[in-house]
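S.K.: As annotated in TrEMBL:
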- 1-408: region 'Carboxyphosphate synthetic domain' (REGION)
- 134, 174, 180, 181, 213, 215, 220, 246, 247, 248, 290, 304: ATP 1 binding site (BINDING)
- 138-333: domain 'ATP-grasp' (DOMAIN)
- 290, 304: Mn(2+) 1 binding site (BINDING)
- 304, 306: Mg(2+) 2 binding site (BINDING)
- 304, 306: Mn(2+) 2 binding site (BINDING)
- 682-878: domain 'ATP-grasp' (DOMAIN)
- 718, 757, 759, 764, 790, 791, 792, 793, 833, 849: ATP 2 binding site (BINDING)
- 833, 849: Mg(2+) 3 binding site (BINDING)
- 849, 851: Mn(2+) 4 binding site (BINDING)
- 945-1083: region 'Allosteric domain' (REGION)
């Protein structure tokens, strides 16, 4: 069937902010869907609250709404757009993860689809419901004769206990309609069962749990399937989880294609997965089906299926080169697979050809437990990883070792952790984020394969591969580089050993290993990802490195002699370095391509748009290490390399690349270093007569204590060279500093600890600017933070334009920014963070830090002001002036834009939700409004913060916040809320003549405030604390119970003020598209 002509307009629902379980893979699928549908002549409307995405760029869809993804907002968009667009109007909900599916089901349940005559395409509401509702899915599997785990459904604790009796312990609990296993877990005893079930009932929008027998230790497989309405089905790829059942697939190491299935087992899984799609009714797009097999007796069960594009389909797309999202979008509008051509083979094959691959792909998750020391780091059925890395090689060992070094967690391969038998038994038996290294340690300690298998249940085939790597390492430790001949060295490189790992084992330097390798002509060759195992030639330059043959392996890179720019990406997502940097890398590649350069992208993150084979001219899917990048540079010989766009990852390589003669364009690595190096930066500020908070540098504990006493507490302490505020803390007394020095000096790599005087009650600001080679500076935007100084800039909400600062202060911030840009000789992007303290009615400006690189606010500022900063700056780096690009006056929009951070606390029960100088957010949203209040409340709704319209508000604030709390209280009462407060706060509020009830603190006897929160008597919590450790601990129970009861909490007085201001607009929010916003700027 050719495409449908009865549909003219398609609304795509995006996935919203990046959270654990739902990362930038949905930006990748959304961008592909927009391209595919516009190619076919459809008008595309998009809603997504996340500004740090390529899909919300004004050019990606025809009409773009950066608005909260709720069914109410989508209804407003439909009401506005439906009359303007005659003909058929459809919604495609399969590109935005769980967020989009749930939103589509809400629209269906609330009758919105029927009311406006809107059709769901890609998946019918019935199919979504059948796949997502645990009971209906189980019945469907039984009907087609496929086994599923013994289980039952519960809607209350009473029902839950009933099911548990039939299933026994251990038992797995999965809430319906949630993502990344949120709220679920494994219970081994009645106490854990009670806790997890209560949490799960809260987390599920339908208050429904699936309680099933535990399949711990079974093998887990996924099949990525695409089906069209003529019932053509193809398997894109099979994926095997190295970690057995019990660990969420998003937290497992996975390998494609599956390695340990016999051909017969593979066919059984293949047939079963097609039967599942037919029964559920997915007939226009991609799905993934998860299976589990009991290795003891071969019993197979279906675990679940996702009737949409998922994290696994992004991985499968990158692993095979088959663009699932693009094909799924075209199938949704009526095409069949045989009518679509495969782009990678240049159309030589139709899309109905199943991809076949002649290499192995390994994905390893990246965790962020260092940000949440209180979180439980054991891996279960609830997803906890924040990013992932993927690598390709000709063998499992090669791709596995490439993935390990691509993770950027300080390892170059199977680095040793411990030889302590007790630790090993625990780490192998209860998987944590580093289990795979402990497996290596067990082999190094002489454990047998059977012993390791007994504890881990990892398939013995994988264990044999890992044991071999470890045995080679033990042998290498007894020899030296000179004793190794060329054949042995080549053999080691084929097994994926990095130069740095070899240097460590052979007790020499990376440079020595590299020199020896080059002298013996042991170099990697590059192979193309072509979906057809090299059966047909391909023009698409999607490449990975491998060592093969005896130096006679065929290299398929075929570099050109064009002028080229190479962009180094950001590697795996983590807290502090996320999609914002990928957005910048993509923009750099697009701008350079538009200007006639050939563009080369190097990255290893499968979720991103940057690793899409058509974002750049050539894509190298490789780890971002000096060794791997130098090999690519040597092969391609680029005119210029951009290191300022991928966050800290490429910056760490800058000096090494420069030393090897690589042409780095833009701000010089030396000047980047000058901004990072405390002493050099101080000298520069001194010359420019700019102010910085009183500070000192210390290299040892006695020195730190002495200097701290001289500066005076409170202090902000941190190691130098960090991103995302890693290991930053505010210390209030000497005891805190002593503890910090004991724990943090580990971070410092012989680099000192920095001490800064902490500025109480200061307002923080961010400024993004661009300078060109002629010395002109353009200020992209000035953002005023809503939370006061002391909260990491990545965790603070911010407003553009500033809502509170005086114009004279804003002008002075711009002047100082320009002065620093000149002083550092910046070419390209730069970000400055300022703190402003009011002294005797005058604003005093302090410079906190300068980053001469792309910052995480670039996408937000670009969306708010309509100027694509990352593209403009990339052109400046390539030698164009701002004037030549037609960049005129700075833009101050006539509307407010607010960026708000989104946190993963729900995944880490027990972690305190208080904000500080160490970054904890995983993603961001944006709200736009005519007033600051309207923009702020939209940003809260977009972040999933529920703001009440009635009920009881609880206040407990520190002394210095009491005057501001009284004003908040007055406004809340005027809006019809009831108030309760702890004694001190209540006294202040009552003294101002505002009605308030007193409630007990936890230490004052019951019933106390935590009881009220647990009993759902509180609608909103406003809780600020003195920054002393014991004060924070006292009130921690309030925040933790509020999190579990899903009660919105504000932990800063400024955040509470903004929320109360915003709540006035709740009943009356409009929707505005990015295109309409930007049209106001032109006027």
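Glycine is no exception: its Cβ is also placed from the backbone N, Cα and C atoms.
What TrEMBL says about a protein is an automatic prediction, not a curated fact.
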S.K.: Would you mind giving the whole-number mean pLDDT across the domain 'ATP-grasp' (138-333)?
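M.R.: Result for the domain 'ATP-grasp' (138-333): average pLDDT 92.
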S.K.: What is the maximum Cα to Cα distance, in Å and rounded to a whole number, among the residues 718, 757, 759, 764, 790, 791, 792, 793, 833, 849 annotated as binding ATP 2?
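M.R.: Site span for ATP 2, by Cα atoms: 18 Å.
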S.K.: Do you know offhand how many angstrom separate residue 790 (ATP 2 binding site) and residue 849 (Mg(2+) 3 binding site) by C-alpha?
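M.R.: Residue 790 (ATP 2 binding site) to residue 849 (Mg(2+) 3 binding site), Cα-Cα distance: 13 Å.
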S.K.: Please give me the binding-site residues out of 220, 304, 851 that lie within 10 Å of residue 718 (ATP 2 binding site), comparing Cα atoms only.
M.R.: none
S.K.: Ten-angstrom check, please: count other Cβ atoms within 10 Å of the Cβ of residue 849 (Mg(2+) 3 binding site), all chains counted.
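M.R.: Within a 10 Å radius of the Cβ of residue 849 (Mg(2+) 3 binding site) lie 14 other Cβ atoms.
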S.K.: Provide, as an integer number of angstrom, the distance between the C-alpha atoms of residue 247 (ATP 1 binding site) and residue 792 (ATP 2 binding site).
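M.R.: A Cα-Cα distance of 32 Å.
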S.K.: Excluding near sequence neighbours, so keeping only residues 6 or more apart in the same chain, what lies with its CB under 8 A of residue 306 (Mg(2+) 2 binding site)?
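M.R.: Result: 131, 287, 288, 312.
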S.K.: Between residue 759 (ATP 2 binding site) and residue 851 (Mn(2+) 4 binding site), what C-alpha distance do you get in Å?
M.R.: 20
S.K.: Take the Cβ of residue 304 (Mn(2+) 1 binding site) and count every other Cβ within 10 Å, whichever protein chain it belongs to.
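M.R.: There are 19 such Cβ atoms around residue 304 (Mn(2+) 1 binding site).
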S.K.: Given the binding-site residues 304, 792, 833, 849, which lie close to residue 290 (ATP 1 binding site), meaning Cα to Cα within 10 A?
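M.R.: Neighbours among binding-site residues, in sequence order: 304.
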S.K.: What whole-number Å value do you get for the CA-CA distance of residue 220 (ATP 1 binding site) and residue 833 (ATP 2 binding site)?
M.R.: 47
S.K.: Given the binding-site residues 304, 792, 833, 849, 851, state which is nearest to residue 134 (ATP 1 binding site) when distance is taken between Cα atoms.
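M.R.: Comparing Cα positions, the candidate nearest residue 134 (ATP 1 binding site) turns out to be 304.
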S.K.: Relative to the Cα of residue 849 (Mg(2+) 3 binding site), which of the binding-site residues 213, 304, 792, 833 have a Cα no more than 10 Å away?
M.R.: 833
S.K.: Out of the binding-site residues 213, 304, 851, give me the one sitting nearest to residue 833 (ATP 2 binding site) by CA distance.
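M.R.: Looking at Cα distances from residue 833 (ATP 2 binding site), the smallest one goes to 851.
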